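Student: Pasting a structure here, questions to come.
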Amino acid sequence: MKKLFGTDGVRGVANIHPMTTETAMQLGRAAAYIFKSSSRRRHRIVIGKDTRLSGYMLESALVAGICSMGVDVLLVGPLPTPGIANITKSMRADAGVVISASHNPFQDNGIKFFSGDGFKLPDEIELKMEKLLDSKKIEALRPTATEVGKAFRIDDAAGRYIVFLKNSFPPELDLAGLKIVLDCGNGAAYKVAPAVFEELGAEVIPLGVKPNGTNINAGCGSLHPEVISEAVKQHRADIGIALDGDADRVIVCDEFGNEVNGDQIMAICATDMIARKQLKKKTLVATVMSNMGLDIALRKVGGKIIKTAVGDRYVVEEMRKGGYNLGGEQSGHLIFLDNNTTGDGVLAALQLLAVMRRREKPLSELAEVMIPLPQVLVNVRVRERQDIMTIPPVAVAIKGVEEKLGNEGRVLIRYSGTEPLLRIMLEGQDKYEITGWANEIADLVRQQIGEK
C-alpha cells in the first residue's frame, strides 16, 4: 500500500514532511537506483519545476540524491509538466521529475515522476520507490570518484517545447486575426504559452505572467475563470484561456465570457474528430466526474464514452490499454495521445482553436454541441477517511437521494487524492433541488467526520 504517493505523486506543504529536502533527496536516490539499468552508458534524469519559491530547495535536494547514485541530471528550469514529459522523451533520458503542486497554493509543493517514454509511473514502480527510501540496499551501491553524477542545465528547453507545441497545430491553419486573453496563473507556462499563440499569429492579452515565487495560482489561472471572463468582455476577445500552475490543465471561456470546461472542450474536439474520422474506435475516455451531458453529446454523433476513476493517470492508462487517442477530465486535464503523453493545457487549447478555425465558428456556437445537466459539487474538509457508506445516517441520506433521482441524475461521492476533502457531486434536472440534497449530505458528513 502506497503511503507517500497520492494520485499525482508526493505532495504536501513545503518543508513539512513529506515535502522536505530529506525526502526529496531520498526520492532522488531511489529513482536513480530504479532507472539505472545494467548497461554501461551514463544515465540521465530530467528535472523541471514550476515557479514556487520552494522549488529551488527541492530541486537541489533531488539533484544531490540522483547524482549520489551515479546518474546525471538535466535541469530544464520552470517548464510546464507536459513540457518536462516531452523533453524527457525527446532527450532519451531514463526518467523525468516534476517539482510542482499543480493548482495548489504556493506554500504546497509536490514531486512526480515520468518514465523515459514520457508517461507517469505505474503504481507498482511508485511502491517500489517508496520501499527503497529507507533501504540499506542503496547504501552499499554508492559510486565514488568519476562514477558520481553531475548536473547540466538545458538552456533551450523552453524553445524546444515551443517548437513542439507549434508543430501540433495543423500547418494549413494559423491564428491570425484572433484576439486571445491568456492567463498563465503566474505558473510554469508564463514564458512558453504567450510565445506559442503569438508566433501562430494571434493577438495575445497576457495575464498571470509575472511569477514571484508566491503568487502562483493566487486569484488567477484555471481555478479562477472569472478573471479571463471579465478580461474577454473588456477586450472584446474571441476566447479566454486559463492554465493552472503547471499548465497540465486548461479552462476556456467563449467570446461572451461564458466558461467552457473540460467536458465541453472534449465534446467539441471529439465530435470534430469523429467527423474527420480521427477519433480512434469513436471512443472518448473520461472520468466518473464528467457530466452526463457529455455521454449524450457523444451518442448523438455515433460515439461512445468510457469512464475511469478520477485522475488523469487513470485516463491515460485506459487510453493506452484500449488504443484510444482522446481523453480527459472535467477539470481541464485533456490528453491528445497522438501528440503528447500527458495532459497538456496549451496543446489542448491549440486543438480547440484548430476546430474554431476549421469550422469558422465562434466558440459559443461550438459549445452548443453539449448541454450539461445541472451539476453541484460540495467539498467537505474531513479529519479521517472513513468509508462513507459505513456511516448509517450518511448512507441512508445518499440512498434516499439516489431513489429520488432515478435515471434522471446521479450521486458521486469520493475522497480527494491530494487533500483531506470529501467531494460530494450530484447531477440532475433541477439545480435548486440537487443543491439542497448535496448540502444535506454535506452537513451529515461534517457532523460525523468533519474537520474539528
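Glycine too: its Cβ is placed from the backbone N, Cα and C atoms.
Keep in mind the model is a prediction, meaning the values are calculated, not measured.
Reproduced below are the annotations present in Swiss-Prot:
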MOD_RES   SER102  phosphoserine
ACT_SITE  SER102  active site, phosphoserine intermediate
BINDING   SER102, ASP244, ASP246, ASP248  Mg(2+) binding site
Student: Fill in the CA-CA distance, ASP246 (Mg(2+) binding site) to SER102 (phosphoserine), as an integer in Å.
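Tutor: Spelling it out, the Cα of ASP246 (Mg(2+) binding site) and the Cα of SER102 (phosphoserine) are 5 Å apart.
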Student: Would you identify the secondary structure of ASP248 (Mg(2+) binding site) according to DSSP, in three states?
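Tutor: In three-state terms, ASP248 (Mg(2+) binding site) counts as coil.
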Student: Would you kindly give the Cα-Cα distance separating SER102 (phosphoserine) and ASP248 (Mg(2+) binding site), rounded to the nearest Å?
Tutor: 8
Student: Under a criterion of Cβ-Cβ distance under 8 Å and sequence separation of at least 6, what residues of the same chain contact ASP244 (Mg(2+) binding site)?
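Tutor: Listed in sequence order: SER102, HIS103, GLY185, GLY187, ASN217, GLY221, SER222, LEU223, GLY332, GLY345.
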Student: Have a look around the residue listed as 'phosphoserine' and count the other CB atoms within 10 A of its CB, chains all included.
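Tutor: For the residue listed as 'phosphoserine', the count of other Cβ atoms within 10 Å is 28.
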Student: Let me know the DSSP-derived helix, strand or coil state of SER102 (phosphoserine), please.
Tutor: coil
Student: Write out, in the order they occur in the sequence, the residues of the chain not among SER102, ASP244, ASP246, ASP248 that have a C-beta within 8 Å of the mean position of the C-beta atoms of the recorded Mg(2+) site.
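Tutor: Going along the sequence, the neighbours come out as ASP50, PRO80, THR81, SER100, HIS103, GLY187, ALA188, LEU243, GLY245, ALA247, ARG249, GLY343, GLY345.
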Student: Return the count of C-beta atoms lying within 10 angstroms of the C-beta of ASP246 (Mg(2+) binding site), excluding that atom itself.
Tutor: 36
